[in-house]
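Below you will find the structure I want to go over with you.
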Amino acid sequence: MELSTIKDAFDRVTKKQKVASSKSQEVIEQIGHEIEQALLRIQSANDTASLSEHKVLLSELKAKLKEVAPLSQMEGTQKELNVALSKYPKLLEKSLNPDISKAYRNVGSDIHTVNQIIASHFYREGHFDLGDCFVNEARESEAAGQKTPFLQMYQILEAMRCRNLEPALSWATTNSEKLKLTGSDIEMKLHRQQFVEILQNRGRDGALNYARTFFPPFATKYLAEIQRLMACLLWAEKLESSPYSDLLSPLHWDKLAEELARQFCNLMGQSYESPLSVTIAAGVQGLPTLLKLMNVMTGKKQEWQSMKQLPVPVDLDREFQFHSIFVCPVSRDQASEENPPMLMSCGHVLCKQSITKLSKNNNTRPFKCPYCPTEVEVGQCRQLFF
């Protein structure tokens, strides 16, 4: 969906609004200045000043306010803002279908699972109070169990934002074996960052003692990295002007926090990205295709609701493709649970229904592979997935 046109229109509205607001503020300040000047003149006049003199001062104020002409000054900018505002909703209606409910299909869903996903999203994003409220109102007490690990993760990340790596190191040490099995090097990265912090704040001796205490278990696998850190000791008081100044970059903290969150979620058996966010993003990308299809099928609501497979592909970016898709080279049908891909003894793959047709529904009758001279029996075919 092309949103650049909408963004440009929105930027125009924002610009006009700022101009109108600035002009209004300028006029208000002019009026305020004239009133203040009139009050000063009235206050500085003698107590014996007559009522007529006061009237003269007020008349002068009235004339000056009329000269300021606040309504005339603001009229032009306000008119331009109103024009931009009136065009923007029309552009939205033209570019974005206001009735996306037309693409809705009665796909069966488990409310309990949906609630679990929503609660997990709140906890994953750090909205713990909101998550607790949702869990209570939805009566999903089981979902509350997801709060504790995410709370621990956010406590670690908050400490890292304050340049405190102790909670992160404690977590990494506790889960050291699990992290090794996943091939993660985050434990060494945490020690590297802690070494640099100690070198900067406590000097060469403190950093050397830290290295002697914690680096030996990593010496075999990360020898080059440790040697580089040891060389930093020679530049203890001027690391920022050394060949190793890149170690001081704040980006290391950001990347380390992101990687810790990824590894934390991984050990929990959770994806780093929120399933709810990914689902919504994929839905937004696929929605235009569904709306176009529904417009073509106007008047066929029953068919739209009952079809098990969409007649057109919904193209999504690779980030939303989590499973491979197989299309039978004979029938051109996409594989499904009812029609899974089958590996034949010759190494070629067809869908189950194509194999059934080729064998004339006879499990013991050999049939010729459509792509090579080999004769195959149904009993020799093996299902690949689903």
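Glycine residues also receive a Cβ, built from the backbone N, Cα and C atoms like all the rest.
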If TrEMBL is the reference, give me the range from 13-57, 328-372 marked as zinc finger.
328-372
Count the residues of the domain 'RING-type' (328-372) that DSSP assigns to helix (H, G, I), to strand (E, B) and to coil, and report the three numbers in that order.
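Here the numbers are 7 helix, 9 strand, 29 coil.
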